[in-house]
Every structure is written in structure tokens, then in C-alpha cells.
């Protein structure tokens, strides 16, 4: 029967995609449990020794802290900038609005290594010493547009007459924002925050050029892959992936609750 | 060219105007949305502005509510100029077409919202919200209900209660009933009229439906292309329309163009014949005019029946309108409409050739 064949095709395809996506990740995770120092399959003896070493390493602790600091600052700054940016172009009619809409998207399509190098040259030219703080700025160049888009979708989704109604019912401009705009934008802002954090957390090309002497997780992984591989590389990689997945899951659940409260 | 119906009673014993508009004009770039409107809104009246979409009625309402500022002219409330007073500082409240209920707040929180903004304490807020829910006939159990889970009619009531919680002197309505099914709409129209009487507040309502306006209003203003063409009681709008636009807005009509013949008699332009007409209300000595006869005043003459004016035609279509039947009668190149009550319907076997007739007093003679 046609229906059964369609179903079979859908299942086969879905399974294929899932395997294709997750097999490398699973392999990476398995590699981190290899007792031997060298990368290779099949794994002869399993051990959690490298995980323990990774957790104990002071160097890795610092790198994780750097990555988290960058990601947190990027999240806070991009969400504030993106929220007002999204309101500006989705809610208000002004000269140059359409141009701004296009312009803000441009950095997303710019190759990141080129963007990173350009920023490094820029920082040097104006005499700014690169460090993890300059990386925050670099990440934002790429992440603010993405977050603006995510939040703009939420802004387009709600009726501007809600704000007018609140204003008409006696609210000051700040009360309108606090009582109506912000609560209704929360689901979008929340998604934007998750995007900002995860995009910064996993960014390599921009960090490579702009962190100076500091190092982020993706940078450390790359450096150790090039020279000095130990199973700590897949171990840290797996931890970073699990951390991101955990954050996404928790964020998704909170987002679901927010959305249910805002729109249900 | 605002024309007040002559039958309109004059000011002396009328309530004083609460809102006054003088020479209001609103332009958006090269587009003029509202053109030179003068209007006195009387305290406590139910005034409806009707007009087709794009006639400027929403723009007019937004200026009254403070969401737009007039390009020219003055709006005064109790004699005080309010052109630039923002909506949150005006004792007026607008019920939006979309109702604009806050989706993240419950029914009770929506209704109590203006009180929360004013800083009223939670207990007093709740008491007042429950009181208003009784006024708009919402069950008390709805207090914690999600507004988005309410039906269309319930949402109307929530929006109304929320507007009343603000305790405005003037309430504005921007076609809030346009998306409601017919039967419920009829109920809500009557409730709104009751509420108007009970609260004694001034209501200004805009709609494109004259039927809605007729049911509820003390006065109706008809808008076209940014101007108020006529303002008066429902009876005046129906019984003494100033031009063809107002006539046609009330319902389908028969319009005939006529000119003065050499002997001074009115001659048909589209249909042959000489007609006896009532003088135009303006009293002007016209060379050309339009005769408008509502389908319910057009008769099908039986043998021996007479009328001031007669036309020979052929019935070629009939429609049931429920209690009435509408006939389309071809007279030369024109199609005339006749509405008869079901009891007086033409028998199926009747000759399709008929004689139409109407009396001069049942028709309007209009300049334009």
C-alpha cells in the first residue's frame, strides 16, 4: 500500500539523518573513554581516567571560565541591543527602516574567519590589546543580527494595539513596556538568549583571531588536535556538548512555559 | 459642507457639548484622511459615525482618543483644548476593533488593569473588577480564566469592563462587533445600548454598518471621503437623507435622473416619462435632479390603483428576503427594485408585465 510505503520511507530517512548527525558525536564521546592516549578504533580498554584528568586540569578550568564569561556577556549585551533593534524595525515606521533591516543581516553572511581577521587588524590599528573582552565584541558582531531576527519574529507576532490600549488605559511609556511589551516579548527574548549563549559558546573562527592570549574551549580543542592530542580533547568536547544540550533542554522547557503563559 | 438636518432640535434645552471639534483636518503626507470636520458631541449621547472603509472614521476616532494629533483645528473637552494631550492623560477610553485584550493576563487582571496602573490596592482592585463583571454579565468564576480561552462574546464583555474600570467620561468604540456572528451581534448591540443608559456616559461608536448604527444611536453621522456628509437622528438619516450617498448607505435604492423639460415639468433621462416630484429640501430651483425611491415605497399597481408616478416594466427576477420579497423589474435599460411583504407577493401565474407606481411624498428629490 502507498501509505505504508510512504511511512517506511519517512522512517528510513529520519533514521539515516539521525545516525549521520549523531554518529560522529557518539564516536567523539567514545574516544574520550579510551584508556590509550592515542586516537583509534576499536577501543581496547575503556576508562574514565581522561574525564577525571580533564575535570582536574587547572588550565581547562580557566578555559571553561573564559568561554562562559564571553558567552554570558555576549548574551546580555546582544539581547538588550537586539530587543530594542527588533522593536525599532518591526514596530516603528521610520526613514531607512528597510535599509536597516537588510544591513543588520549582512554580517551573518560574511565569512567568519575573514570577519575575525578584519577585527584583529582593526583592534591593532586603534591600539586595543586583544583579550577575551575583545572577543565579546567580536562575537556580538555576528550574534546580534541573529538574535535581532529571533526577537523580531516575536515582535511581528503581537498586535501593536495592545501597547496602544495600555497607553490609553493610563500607563506611562515605561509602564507600557514593563506591563505589556516585555512580558509578551519574553518567549522571543528567551530564545534569543539561548541562541546568543550557544553561538558564542561554540564559536571558533572569531575567537581564534580576537581572544589574544586568552583561550576558549573551541580554540583549546583545535590547538590540541593540531599538536598534543590526548583523550582530554574528546572528553572536553563531549562535556561542552552535554553542557550546551543541557542548557538547551532547560531553556526549551522554560521557553515552553513562558510561551504557554504568554499566548495560551 | 456639513449639513444639519432641519428637523434637528436646537441647542437651548439640549445637554451641553462635552467634546467639540472645530475645523479638524488630518493629512498623512499628500493624503487627506479627514477634511474640515466641525462636530459637537453632547454629554451622555450615543453618537455613531458610519462610513465605508477609507472614509476617515477611524482616523477621526484616533484623534479623539489622542493616538493621532490633528494637522489643523481644535479638539476641546469641557472647553479645554486637548489636541496634544496624550491618551494616558485623557478621561477617554477606546475599545479597539481587535479588542486588544492582554493575552498574558487573566480576565480579572485585564479588567483590573487600569486600576493597577492607577495604584489601587489589590483587594479594592479585585472588588471593583468583580463588580464590573456583574455589570457586563460575566460570571464571577471567570475572574481567573485565561482571556484567550474566552469566546468572542465574552471577550467583548471583558474589553468593555476593562474600559469601564478606567472610569472614562467618553468611551470610544472602533467597530468592536465587526467580527461577531449576526445573532450574538444583535444581543451585544442591545446590551451596549442598555449599558449606555445605565452608565450615562458619552459613547462614540464607529462602524461601517448603518444597521448597527440605527439600533443603538441617539445620533448618526455619515462620513464620506473625510467629511461628515450628514448628522442627525436615525429617523432623520433614514427619512431625510441629504444626498444619494446617504440614501444608498441606508440600503438598496432606485435612482432616476431627471431634467426640467421646456414646459418646466420633470422629464426622465434614463426612462421615458414625466414625473411629479416633491420640491428638493434645499428649496433650490434645480435644472437637474435625482429621484430616489426606496424599494419598500415602490408599489406594483393593480387595476384601478393610482399613484403620482407610473412606470411600465417587466419582472425578470425575484429574491426572498425572509419576510419580504424583492422583485427586479426591467424598465427600459434600468432595473428597478420593488419590495413587497410576503402576504402581498405577486401570484406565480401573474402577468410579468407590471405597472410600478410611487407617490411624490415617498421619494426624495436630491441635488446630488
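Positions of Cβ are set from backbone N, Cα and C atoms, glycine also.
Positions annotated as transmembrane segment by TrEMBL: A:12-33 (among others).
According to TrEMBL, the feature domain 'ABC transmembrane type-1' maps to A:64-257.
The transmembrane segment annotation in TrEMBL covers A:68-92 (among others).
Using a Cβ-Cβ cut-off under 8 Å and counting only residues 6 or more beyond its ends in the same chain, the transmembrane segment (A:104-126) has close neighbours at 85, 89, 134, 137-138, 141-142, 144-146, 148-149, 203, 205-210. Per TrEMBL, the feature transmembrane segment maps to A:104-126 (among others).
Residues 66, 69-70, 73-74, 77-79, 81-83, 85-87, 89-91, 104-108, 112, 115-116, 119, 123, 184-185, 187-189, 191-193, 195-196, 199-200, 203, 206-207, 209-212, 214, 216 of the same chain, all 6+ positions outside the transmembrane segment (A:132-159), place their C-beta atoms under 8 angstroms from a C-beta of that stretch. Residues annotated as transmembrane segment in TrEMBL: A:132-159 (among others).
As annotated by TrEMBL, transmembrane segment applies to A:180-201 (among others).
The transmembrane segment feature in TrEMBL is assigned to A:235-258 (among others).
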Per Cβ pairs under 8 Å, the stretch of A:68-92, A:180-201, A:235-258 packing most closely against the transmembrane segment (A:12-33): A:235-258
